[in-house]
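As written in TrEMBL, here are the features:
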type: SIGNAL; residues: 1-26; note: signal peptide
type: DOMAIN; residues: 144-235; note: domain 'PpiC'
type: REGION; residues: 288-339; note: region 'Disordered'
type: COMPBIAS; residues: 297-312; note: compositional bias 'Acidic residues'
Amino acid sequence: MKKWLIATMACSGLLLASCSSSPEVASTENGRIRQDEFYERMKTEKTQTGQTFGEQVLQQMLLEDVLENAYGDQVTEKDVDAEFEVEAEQYGGTEAFEEMIKSQGMSVEDLKKTIRTSLLVETAVKEHADFSDEEIQKAYDDYTAGSRVAHILVEDEATAKDIIKQLNDGADFGELVKEYSTDTATVPDNGEMDLVPGKTVPEFEEAANALENEGDITQEPVKSDYGYHVIKLIKAGEKGSLEDERDNVIDTLVEEKMADQNYILEVISKLVEDANVQIADDDLKGAMSAYMKPEETEAPAEDGTTEDEDADTGDKDTSDTEDKKSDESKEDSTEEDAE
């Protein structure tokens with residue numbers, strides 16, 4: 001009896017890890033972690049955002065599914081690779097960028113998946129945005145056409161100042177790029193790159209746009225998170241007509257919308273609503289609370305009952321009154337017969 005009781009208790013939950021038929025996730029010398037245990041922990045352990053880890057992961061999976069279903073055919077692998085290269089340039093080239101990714105505990109594929117999701121969100125924002133003619137005209141007036149620039153990236157300010165001195169003394173920019181620049185992505189092209197509005201760090205873009213004539217170089221090192229830049233204007237951007245630049249102008253407006261978290265929330269909430277997202281596990285219902293309207297419930301009446309309950313009570317009260325009147329009528333009739 002004692003042995004049977006212990007075995008029953010073990011398989012009923014007290015020793016679940018040793019008797020559960022749930023698949024094993026991990027193990028140590030002291031025991032095993034089963035899939036159902038792990039799942040339950042994911043549903044109870046909270047993140048800094050207040051969501052449980054399970055809610056957070058489910059939210060990400062559902063958002064990816066909704067976005068892929070709506071816009072997956074509009075974002076190609078080529079688009080993702082191109083954006084990856086743009087990001088890599090800002091970190092001093094692909095090699096340095098990949099090292100940074102690894103230091104964050106991620107893989108290149110992990111980051112590319114994140115980039116793809118970001119591009120899907122951007123596509124959704126672009127499709128839902130409805131810009132007025134006035135907004136487009138203002139954005140065009142403020143728009144600066146992309147230029148061709150070259151830069152030398154170094155780690156310290158003193159080296160950058162020395163490079164500027166050498167350039168002012170007649171040194172060749174391309175030769176100094178090969179000698180000093182840590183941006184491996186642009187070294188093969190003598191440091192040259194297209195300056196696309198919104199695609200480089202603000203400090204770099206602002207300093208590059210301040211150069212007026214082709215051949216001008218920045219006379220002070222430009223500091224960014226990546227180090228110190230010395231920038232040269234190769235070819236100034238030529239701004240076309242509004243009709244010619246319309247797509248570029250729209251892109252700048254979309255970039256502004258992408259910085260507006262409330263607008264992104266509004267767009268994705270509409271996609272989630274259209275996708276009819278249903279969460280079966282009650283413990284994970286909060287996963288999409290930020291994107292889904294709360295389920296409507298009947299408002300309680302002042303006495304604590306719902307409208308339906310009031311209606312039922314009213315019907316009952318009416319019925320009771322009618323029954324009472326009927327009984328009184330019968331009593332009167334009986335008395336008359338007796339007389």
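For all residues, glycine too, the Cβ spot is worked out from N, Cα and C.
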#### Entry: Mean of pLDDT values spanning the domain 'PpiC' (144-235)
93
#### Entry: DSSP-derived helix, strand and coil totals, residue by residue, for the domain 'PpiC' (144-235)
31 helix, 25 strand, 36 coil
